[in-house]
Amino acid sequence: MPDTLPPTLPDYMSRAATGLAPDLAAYFLSGAGGGAAEEANGGDLARVTLRPRALRDMRGGHTRLDLLGRTLNHPVIVAPFAYQTLLTPEGEVATARGAEAQGALMVLSAQSTRAMADVRAAGATCMWFQLYWQSTLANTLALAERAANAGFSALILTVDAPVQGVRDAEIRSGFRLSQCHRAINLDGIPQPAFAPLREGESLLFDRVAHVLPDWKDIAAFCRDAPLPVILKGIMTGEDARDAVACGAAGLVVSNHGGRVLEALPSTISVLPEVVRAVDGAVPVLMDGGIRRGWDVFRALALGARAVLVGRPAACGLSVAGALGVSHVLRLLRDELESTMLLTGCRTLAEITRDRVRAPF
Ligand SMILES: Cc1cc2nc3c(=O)[nH]c(=O)nc-3n(C[C@H](O)[C@H](O)[C@H](O)COP(=O)(O)O)c2cc1C
Ligand SMILES: CC(C)CC(=O)C(=O)O
């Protein structure tokens, strides 16, 4: 635990970047390829400027919202991120404590290094469970049942990373995951074992592609899953419409924090296209590059119902454990409140498109 907590979120990010071992910093903080998509997320958010309204009555203002049948204190959600015991021995348990301290909804990654029951016991606001497709519908439903039995209230199925991203910095750093930090909640769910490749065969198209889902599988999963299913990693209006048609209960506009494919656009730039396509049918959330309370405001103004933060929570966890996660979330919420007050928005519903100037 540091003697003093960093005063701002950028200070948490730089303290984590310098304090972590180089290979861990590369795994947790770098982006795909040379990092352009990760940089675009933050760069494009900064291109959205605010149109403040002065002298409005701000009494009784608040940051509450309703999302999938629950009332949340504020719209900042802890994104699922993998292998948290790499950052501190308590891992996801500490993150859940920090999230609960701020009444923040947390999404637990299927690649969690702590048992889902222990994480739920540590923080009651860890209510959503994220998973990847597990080769077959039956395997994916088996994992979903585990989450439902552990008391989670919704599932996030991530569809944007069927294969790992190639991150230059991570490769250069020689990052390797050790067996001490494994995804224990997947124990007993069969993982694919691929037959050796014959001459001229492609690993991705001739092996991996055979265990990947398509929209029919997603529709079957949404129909049979024991909990509402939110699809994470939607980046176009077309996919958004397909997701709604398949029965998704919500969408997350996400490029995985720019971690999987360098040539993707920023999430804020595609958010309006997705929101238009969905036309209010289900809530649209967004993540990628949210670092300040005014970034939350920017995303909400362009149609996001709430935002998720990945690296900010990871940096809070790495610098000061549960307290760091809690402090990072508090900073974001305080900055959002002050941005609302300074722009004349009493409630989240008042953060509308006409409160910003945006090139998207
Ligand atoms: C180290 C790391 C691990 C991640 N692991 C997962 C994961 O297991 N599942 C998932 O859906 N997204 C994962 N993500 C993506 C986040 O959920 C989220 O989309 C992204 O971090 C948002 O961008 P931000 O880091 O700029 O806030 C991970 C992100 C990071 C940084
Ligand atoms: C195990 C990985 C697929 C976790 C992840 O989503 C990531 O590292 O971005």
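The backbone N, Cα and C atoms fix where each Cβ goes, glycine too.
Curation plays no part in TrEMBL annotations; they are all automatic predictions.
On a predicted model such as this, the values are computed, not experimentally measured, just so you know.
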Cross-ref TrEMBL: glyoxylate site Y27, Y132, H256, R259; candidate in list R97, R167, R223, R292 matching that site is R167
Highest Cβ count within 10 Å among the binding-site residues P80, G289: which residue is it?
G289
Which three-state DSSP class does H256 (active site, proton acceptor) fall into?
helix
Can you list which of the binding-site residues R167, D287, G289, R291, R311 have their Cβ under 6 Å from some atom of ligand 1?
D287, G289, R311
Select the closest residue to Q130 (FMN binding site) from the following recorded positions, measuring between CA atoms: Y27, R167, H256, R259.
H256
Output the one of Y27, Y132 that, of all these binding-site residues, has the highest number of other Cβ atoms within 10 Å of its Cβ.
Y27
